[in-house]
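Since the structure comes first, as structure tokens, the remarks are kept for the end.
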Amino acid sequence: MFGLNKKDFTLLLIVAGLTMFAPFLLNPFPEGSAMAQFNAGYPDLMQRFVIFGIFAIGFNILFGLTGYLSFGHAAFLGVGSYAAIWMMKLLTMNVIPAMIMAVIVAGVFALLVGFISLRRSGIYFSILTLAFAQMSYALAYSVLTPITGGETGLQPKMADPRILDAALTEGATPRANLFGLSMTSSYELEVGNWLFTFNAGYYIAAVVMLLAFYLSIRIFRSPFGMMLRAVKSNQQRMNYTGLNSRPYTLAAFVISGMYAGLAGGLMVAMDTQVGPERMFWTASGEVVLMTILGGAGTLIGPVLGAGLIKYMENIISKINSGILHEWFAFLPDGLEDLIVTLIYPFIGKGWHLTLGIVFMLVVIFLPGGLVQGGQKIAAWVRGGKAGSRDKASKSTKPAE
Amino acid sequence: MSKSNFTRRGLLKTSAVGGAGLAVPTIFTASSASAFTNEPTGDTVTLGFNVPQSGPYADEGADELRAYELAVEHLNGTGADNGMLETFSSKALKGNGILGKKVEYVTGDTQTKSDAARASAKSMIEKDGAVMITGGSSSGVAVAVQALCQEAGVIFMAGLTHSNDTTGKDKKANGFRHFFNSYMSGAALAPVLEKMYGSDRKAYHLTADYNWGYTTEEAIVSSTEAMGWETVNTVKTPLTQTDFSSYIAPVLQSGADVLVLNHYGGNMVNSLTNAVQFGLRDKQVNGKNFEIVVPLYSRLMAKGAGANVKGIFGSTNWHWSLQDDASKAFVKSFGTKYGFPPSQAAHTCYVQALLYADAVERAGTFNPCGVVEALEGFEFDGMGNGPTLYRAEDHQCFKDVLVVKGKENPTSEFDLLEIVEVTPVAQVTYPPDHPQFAGGSLGSCNPGA
């Protein structure tokens, strides 16, 4: 269906199911219980899951298929965000024009960066993209302050022109909306002690992510996708056969930049604020981590990786020593303090450390990322013997 | 949670567009029972402490968090003493929580990035049900989080933020700032500089290349030029710069005899160290001693720069060596709990937490609009800065500003600054429509829901 084979269609259905029922799946613990700390089913984080999912899916089209490692993808995310916020300031608070403009501007910028950077490959390509991204960051931070707002960033203001919108009533805050439906409006469902929040913005972002995911499946399975894989496996041989591979890599780069722009536009749509640190090199590194953690070159891997990193950033980082003491309060005092002291470096501001350990474990034991982990578990469930055969037959191989 | 301003027209439009995917959200005609965002219904109330725990201002963030924990103890009446509650002119707080509800808190890491700060604040509001967000150690973060709180309908009590914009062009009805600002630094420093260095000086500015740097440079330039100084040159330095020697060398050739370092944190530590190592302070230019000025000082910075700060003038919001009862009470309870004196960041955050609690108590409600009303035009004393006014027009506190100097003979690692002058509040007050603050509007308070 939709031009997909049965396996891909099932995958799409699974992803659709996961995103649509995320408010339930991410809130497994009742309100007020000690485990409620680990609930992730609140609008902001769910939005981040799908937005960074889109970002990582786009990155994977470039890195997973062609093997070109871009270290500056956050620049496209940032450029898309700035384009979107300017549409909101000048045109309308409706998110549609903002998102379209974000994709277009990011695409044009990717064309420019790609045209220059793709003249080199390997490490030189990575360094060129990194340089472009840092340049964009530095420009947005200071030189371009009149159009980027510098360190403070940009937000929609009362006084903005917004030529398509009716004038705001005095004192009202401009809110991002879809034809009048505010991105922040939510419906809350209480079932016993559980509280599930269904947020309009999240569902819009989720639908966009499903479309992006579907498009990525089509690209993976298309002749174009095959060409990109050929670039990854042996670009030189490809060139010797008389094929010019650059149009393909450039197209992949631009598509991937447009995905990043879309993610940037959505970020603005969900939370109307842009700051330059969105383009900082650590943000570019983050998407690389997401893709590798989930499984580069696989369809669903990047989405899982994005989810895991955002979960750790937002949930683990908020556990403080007070909460730890609450958890272990049942232990005798000395033991409680000892355990809290042992765990403390890994929570709160130490979430980076935890993430680093997880990343190392994944790279060492599951070079194919979380997807490989899933395959191993599936194989183990089906019985040890089927394992090796099953793994070999998988069409999606981890990146080297 | 928040509710949309659903119009019939908007709904019709939505359903007209709604395809299969877009039809899903039409069930979100939100209707929550509470009168405002995160109305506390149980016997506890949750506050969100959003401070930098990693990144360049992690030291300030750690000190802010200590101050908040202390404030919560004092509000709940579980501390060793009552700190500034004893000296605070308003006696509404009784040490039994806020409106009888026990104060609980959640913490988050801003990473000194506006995106991270907003994500953290959003999770406090959406997940933990925080009714007030406070903290931060950078103006970019303060502006970003302030706008978020305005949208979400909770109160924002700014932590350390010195840029004019926070209560200038980016001011918001739900946001309040106790800390002083760039303009006040300029207005307080200028007379002292005139007295010490004379009125015919030539100043050379090195400015951190971001918003706070710009507003500080503007404030210092305008107030020093008003007393007769000449500005020879202003040079922007990248925020990530760690070696300033290439910026210091041209200073001597320029004929300037004062160097103003509009830098904060690590930047200031490095640029000041470079300038002193270059021997600028031993030079004679135009027949006068070469001098260095640092508009915004903090004890943590002075500690970083070590002996180089000796004799260098700057301004600060508060210093632990102040001898009024309130400051002594705060230093004592902070010192008893943590073993060292609090920084100005800790002081402003502690005061902000108390002021919020007091405003809620006086308003009799956690409703942000009630709190805004209680804070606007509120005059108080006994918080370490003398009589203070929370001005209604821009939600900025007006109070005395300290002009300090690096101590020549420090007696301990905390005793690095000495107070030269307490500039009275009248001298640092400006009209709400002052050009350095123009362009913003408060809007009206937003209770969310």
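Note: Cβ is positioned from N, Cα and C throughout, glycine not excepted.
Features of the protein shown, as given by TrEMBL:
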type: TRANSMEM; residues: A:9-26; note: transmembrane segment
type: TRANSMEM; residues: A:46-63; note: transmembrane segment
type: TRANSMEM; residues: A:94-116; note: transmembrane segment
type: TRANSMEM; residues: A:123-144; note: transmembrane segment
type: TRANSMEM; residues: A:200-220; note: transmembrane segment
type: TRANSMEM; residues: A:247-267; note: transmembrane segment
type: TRANSMEM; residues: A:287-306; note: transmembrane segment
type: TRANSMEM; residues: A:353-371; note: transmembrane segment
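When each of A:94-116, A:123-144, A:200-220, A:247-267, A:353-371 is scored by its Cβ pairs under 8 Å to the transmembrane segment (A:9-26), the top-ranked stretch turns out to be A:200-220. Through the fold, the transmembrane segment (A:123-144) approaches residues 68-75, 78-79, 82, 113, 116-117, 150-151, 276-277, 279-281, 284 of its own chain, all at least 6 residues removed from its boundaries and within a Cβ separation under 8 Å.
Beyond its flanks by at least six residues, the transmembrane segment (A:353-371) meets 289, 292-296, 298, 300-301, 304-305, 308-309, 312-313, 316, 345-347, 396-398 of its own chain at Cβ-Cβ distances under 8 Å.
Residues of the same chain lying 6 or more positions beyond the ends of the transmembrane segment (A:287-306) and with a Cβ under 8 Å from any Cβ of it are 8, 11, 14-15, 49, 52-53, 55-57, 59-60, 63-65, 69, 71, 73-74, 209, 213, 216-217, 220, 355, 358-359, 362-363, 368-372, 396-399.
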